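Presented below is the structure to which this report refers.
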């Protein structure tokens, strides 16, 4: 387990884009280790798996209880209502539609511009709250082909937001080049078995919002793309751990 007694950036604060899923929970732990003060922001855009909004609360409280040194750094949580955006960004995440590949090569779970909107709104909040760092769980390794998860997209957003706000904006993406097995490994490095257990039990990834089926890797339907990535990554990580 990594020593978390002293932040790497003792005078810096960060705002974490926090959905309550595996990736953002790992990013929150990463930020709490690294920065002196961390706040979180979530977005309610009419997603079908609205259960993630309650998962956010469980993960935050679990982190504070299990890791008091992180709890001391964990600040306020904000939830932004983006129902209007969800209404125009129709996808299988916001409507009762089949999860399948589309003619353009993207899955029907792709919400057009989602990360662009999230980062723009988060940057406005960060500006008001005095944060120079945004932390997001975007990843171009296990990302289902979403173009707004690529690092070149994030770099372009970082430049645009910095110019538009006339301030230095850093978008940190600690998972950008990690597959799901490496993401599980990072969580274990950050918080050991306690953090792994919290992510397995309390975070939510399933596109269908299933919380009735418990697997070794957590709750979910087990066959949507998000569950498959999480399950396969969990198995690969466990197989890589020395007996």
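Cβ atoms are placed via backbone N, Cα and C, with glycine included.
As recorded in Swiss-Prot:
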{"type": "BINDING", "residues": "18, 19, 20, 21, 22, 23, 24, 25, 26, 27, 28", "note": "ATP binding site"}
{"type": "BINDING", "residues": "206, 221, 224, 227", "note": "Zn(2+) binding site"}
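Those residues of the chain, other than 18, 19, 20, 21, 22, 23, 24, 25, 26, 27, 28, with a C-beta within 8 angstroms of the mean position of the ATP site C-beta atoms are 59, 137, 203. Around the Cβ of residue 206 (Zn(2+) binding site), the number of neighbouring Cβ atoms within 10 Å comes to 24.
Here the candidates are the binding-site residues 18, 20, 22, 24, 28. The one whose C-alpha lies nearest to that of residue 224 (Zn(2+) binding site) is 22. The least crowded of the binding-site residues 28, 221, 224, 227, judged by other CB atoms within 10 A of its own CB, is 221.
Taking the Cβ of residue 26 (ATP binding site) as reference, residues of its chain lying under 8 Å away and at least six apart in sequence are, in sequence order, 137, 174, 175, 183, 186, 187, 190, 199. Close to the recorded Zn(2+) site, the chain also has 205, 207, 208, 210, 220, 222, 223, 225, 226, 228: residues not among 206, 221, 224, 227 whose Cβ is within 8 Å of the site's Cβ mean position. Under a cutoff of 8 A between CB atoms, and with a sequence separation of 6+ in the same chain, the neighbours of residue 24 (ATP binding site) are 16, 17, 18, 136, 137. Of the listed binding-site residues 18, 20, 22, the Cβ environment within 10 Å is emptiest of other Cβ atoms at 20. If you measure from the Cα atom of residue 28 (ATP binding site) to that of residue 227 (Zn(2+) binding site), you get 20 Å.
Put simply, residue 22 (ATP binding site) is 10 Å from residue 206 (Zn(2+) binding site) when counted between their Cα atoms.
Taking only the Cα positions, the spacing between residue 221 (Zn(2+) binding site) and residue 22 (ATP binding site) is 15 angstrom.
Between the CA atoms of residue 20 (ATP binding site) and residue 227 (Zn(2+) binding site) there is a gap of 14 Å.
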